[in-house]
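**Q** These came from TrEMBL, pasted as-is:
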BINDING   8, 9, 10, 16, 17, 143, 144, 145, 185, 192, 193, 194, 195, 196  ATP binding site
BINDING   131  L-tryptophan binding site
MOTIF     9-17  motif ''HIGH' region'
MOTIF     192-196  motif ''KMSKS' region'
Ligand code: TYM
């Protein structure tokens, strides 16, 4: 099965990215034909400093490798190393009704948060459709916030197939792969963890900073002895995703019976996070020390990705009468 997914290099990766997406990238890499990329064209809608963008791109590549992507198993590449993406995006734009983009919540959200209402931001989902369709992806591992973009991708693919009258279809229709328990990972304020809400815990923050940050997790003010509901407590919601099963069960029981304080859960969460990423932290240091290896992975990924992309783009161009 062809797996594909992308991450924007718009800042350091956080544990929502890890649980919602990257962990699935790793789990799917061995048994499938997987393509993962750093979505730098997309990041242009929010990062407007060239050297910062370059830095973020290389950090995301390094972080993905450190977190367990095996460059011998997957095609790991940078979106803009495959300029075919932008051409396909244009072909798709010409068949995409404005109304489909107008109803996109991510566009409305971003404008509400203060990003300028630019055409690139508006057409963001079409570029994402191009990313996915260009590689004949079957399955796209993502968090819940990308579900609508996947729906638009399928709609655009079907519309293109319909407009250009190909019964056999130019594009393969992809499906999202969203795991229920990590579809929306909560941030420090209980809302979805997101760079734009400033409520993230970064994967590779140093341990002292992780310990400090988890203390900021917003909770209610119930005292230690009061029974609490683990099902509605965002702090427990995050803790349970990292805790060992026995620890999780113990804390869950003490939530229900009373006798657990939020301070204790925060401390445990911090330690669980530090432990979870300890090995990746070491691997990361290795990659950081060898930028030439990262560059080689990037170049090899670009070559393989382009090979696939060229074939699909050729199909799409031929279908609509170009060339
Ligand atoms: P991005 O860069 O915002 O996020 C990368 C991945 O992390 C997931 N994610 C979360 N999952 C659960 N809980 C959270 N709090 C959380 N925060 C982030 C996202 O759902 C995503 O899977 N538009 C995409 C990038 C993209 C893409 C693509 C993805 C571009 N082209 C093609 C898939 C296929 C984005 O901005 O993700």
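FYI, residue positions are counted from 1 along the chain as it appears here.
Note that Cβ sites are derived from N, Cα and C of the backbone, with glycine treated the same way.
Keep in mind that TrEMBL annotations are predicted by a computer and have not been checked by a curator.
Where in this structure would I find these features, and how exposed are they?
**A** The Cβ of residue 144 (ATP binding site) lies under 8 Å from the Cβ of 20, 178, 183, 184, each of which sits 6+ residues away along the same chain.
Long-range Cβ neighbours of residue 131 (L-tryptophan binding site) (same chain, at least 6 residues apart, Cβ-Cβ under 8 Å): 4, 6, 37, 39, 79, 85. In this structure, residue 131 (L-tryptophan binding site) is part of a helix by DSSP.
According to DSSP, the secondary structure content of the motif ''HIGH' region' (9-17) in residues is 3 helix, 1 strand, 5 coil.
Residues of the same chain lying 6 or more positions beyond the ends of the motif ''KMSKS' region' (192-196) and with a Cβ under 8 Å from any Cβ of it are 10-11, 14-16, 109-110, 113, 145, 184-186.
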**Q** For the binding-site residues 17, 185, 195, which residues place their CB under 6 A from an atom of ligand 1?
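**A** 17, 185, in sequence order.
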**Q** In the three-state scheme derived from DSSP, which category covers residue 8 (ATP binding site)?
**A** coil
**Q** Checking the spread of the ATP site as listed (8, 9, 10, 16, 17, 143, 144, 145, 185, 192, 193, 194, 195, 196): what is the longest Cα-Cα distance, in whole Å?
**A** 19
**Q** Among the binding-site residues 8, 10, 17, which residue has the fewest other Cβ atoms within 10 Å of its own Cβ?
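**A** If we count Cβ atoms within 10 Å for the binding-site residues 8, 10, 17, the smallest count is at 10.
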**Q** Same chain only, sequence gap of 6 or more: which residues have a CB within under 8 Å of the CB of residue 195 (ATP binding site)?
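**A** The list for residue 195 (ATP binding site) reads 10, 11, 14, given in order along the sequence.
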